[in-house]
């Protein structure tokens, strides 16, 4: 009897450990655990370890513990949309080495820390849209280079680090819509990256400026490079070769700029280019006028030289005729008449 009781206890424990949570519906054939709309406040325990799809949308989950997914290492699709998640613990997803799709839309996330999504080598789609994200890190984590779709639309982002975008070489689609993008020096790197991304065949919904006022509502790609001229100068300060500062220089000015040639957050007005720069067409027009004036001046000088030369030549010719041909005509006239008349007689 004791042996049977022990066997029954072990069997029950194993069944409980691998069974579906009470409020969920598990489908063996599709390897899916349907736990949506069940009122969960955290990731449910005792999920079947073989599941590949976990649906947790429309709950009240507000946190994700570090070991939340240790028992489900084969997950490929994880849907946590429409919950109350405000932050994500570092390493919360690191056990999900086969994860391909992570949906965190419609939560309360304010920021994403560096390397939050580390060790997800198969992650292809990361959807962070419809949160309250004000800041993204310089990297999502190690082994995240296979992401092909990234959505950050409907957040509170004012800028995004170019280094983050460059760390995702396989991106095919990136969505930026409905963020209060500040189209000043801080976003110049994004402009350069986005132009290159679209040139390579990438798909994007574009970046629409919210500030400064003169650029509000404009497509970042249509803001001329000349309006970021001051940014380029500020982004690449050249220190003296000797390593000593010039008299009167401000070493703190360099500290205002972040890495990779982009200004940092060191003052809003500090990195803004002039509000009303001179248009490109006007500069071209002035250059054209100057060149035309120079050419016309040279032509006029050449014409003047030709006129002076002509006058001098005419004067010399007239003087020559007067001195050499005039006396000959005067001498030949009376004497020549007589022989002619006598011969006629």
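Any Cβ shown, glycine's included, is placed from N, Cα and C.
Note: TrEMBL annotation is automatic and uncurated.
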Select from 242-276, 277-311 the stretch of residues annotated by TrEMBL as region 'Disordered'. 242-276
Which residue counts does DSSP yield for the domain 'LRRCT' (179-232) in the helix, strand and coil classes, in that order? 29 helix, 9 strand, 16 coil
